[in-house]
Amino acid sequence: MPNSTLTLAQMLIARRSLTPDDDGCQKILVHRLAGLGFNSEAMNFGEVENLWTRKGIDGPLVCFVGHTDVVPTGPVAQWDSDPFTPTVRDGFLYGRGAADMKSSIAAFVTAIEEFVELHPDHKGSIALLITSDEEGPAVEGTVKVVETLQARGEVIDYCIVGEPTCTDRLGDTIKNGRRGSLSGNLTVKGIQGHIAYPHLARNPIHTAAPAIAELAQTVWDDGNEYFPATTWHISNIRGGTGATNVIPGEVNLLFNFRFSTASTVESLKTRVHEILDRHGLEYELVWELSGKPYLTPKGILADALSAAIREVTGVEPELSTSGGTSDGRFIADICSQVVEFGPRNATIHKINESVEVADIERLSRIYRLTLEKLLLQD
């Protein structure tokens, strides 16, 4: 049906699904897919709504991962049209979630519809994992569904995450991996005192400074063929009472690693503690792992998606691991081949978020051709 993907995208954008509120988006998808033979399960945790819906029981299983939640709009007055009234203007669809990532969800659903109509006896299975908790804490969304699937022994063979990956034109970038994210909350202890009597105090900012300098100058690894070198950066420093005559009793630092597969979580932790200990600091350090790095080398899935992109757009996609974390990091625990592909990301999270209307239908064709290459060919 002409423009069916656009119509579905508009239906989803019209829902005010601010994290963790799905606002009925998943019900739209369940209703749409029921007629194709999909069996749907609500896997809700806390305030988060998750959907696992699958057609077929045989392998291979191709899964699409997406999120219906969106970030806040910012000042509505700065939008040229209401962010939850999907508006087509000058060849673009405007609205919060247009690019990130309701158009991708719509495109995959219509791709399935056309695929099943053309190939009703296809081999394998198709599934969607949709959450309303990707833009927020991401602790009761995809990760919880993955844990549930793991517990009952379900395995995903190929996974496409619908994140907006392209930069200049549709098809130019496939994400075939992401760096890991490891954060630290470091408190260095000192002795508070009068700044005129430093011999009666111990300034933790002064004692921590050499260690901070060493951490900032350390080469953690050299990266590899797929990833740049691991980086360490401070995001926040807090210390002192606000007075100019008081030596602080402690200083607090928040820092973050973005790390490649050339390093491990434990190796990074060990090296940080070694540096802090070598400088004789009295400290407390709390770690938080947001996600491990994952990588899908060239293979069946990346090749199939790349070929589909070339057929539809004529563009040769680049495989990239740049950018922040995504829900792909959770799927990688139960799927060895995970890639991310969606529309251009130039306007995501911005005022007047938009996606080119022509790209929405092209994206659906790319997804359908990818399904054909994965589920029709031996």
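Every residue gets a Cβ built from N, Cα and C, even glycine.
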Original post:
Of His279, His349, which one shares the Zn(2+) 2 site with Asp100, Glu135 in Swiss-Prot?
Top reply: His349
**OP:** Name the residue, out of Glu147, Glu154, Glu163, Glu214, that Swiss-Prot lists for the same Zn(2+) 1 site as His67, Asp100, please.
**Re:** Glu163
**OP:** Other than His67, Asp100, Glu163, which residues of the same chain sit close to Zn(2+) 1? List them in sequence order, counting a residue when its Cβ is within 8 Å of the Cβ centroid of the site.
**Re:** Gly66, Met101, Ser104, Glu134, Glu135, Val161, Gly162, Pro164, Ser326, Gly342, Ile348
Original post:
10 Å Cβ neighbour count around Asp69 (active site)?
Top reply: 26
Original post:
Does anything in the same chain, at least 6 positions from Asp100 (Zn(2+) 1 binding site), have a Cβ under 8 Å from its Cβ, and if so what?
Top reply: Val70, Val71, Glu163, Pro164, Asn345, Ile348, His349, Glu353
Subject >> Rounded Cα separation (Å) that holds between Glu135 (Zn(2+) 2 binding site) and Asp69 (active site) >> reply: 7
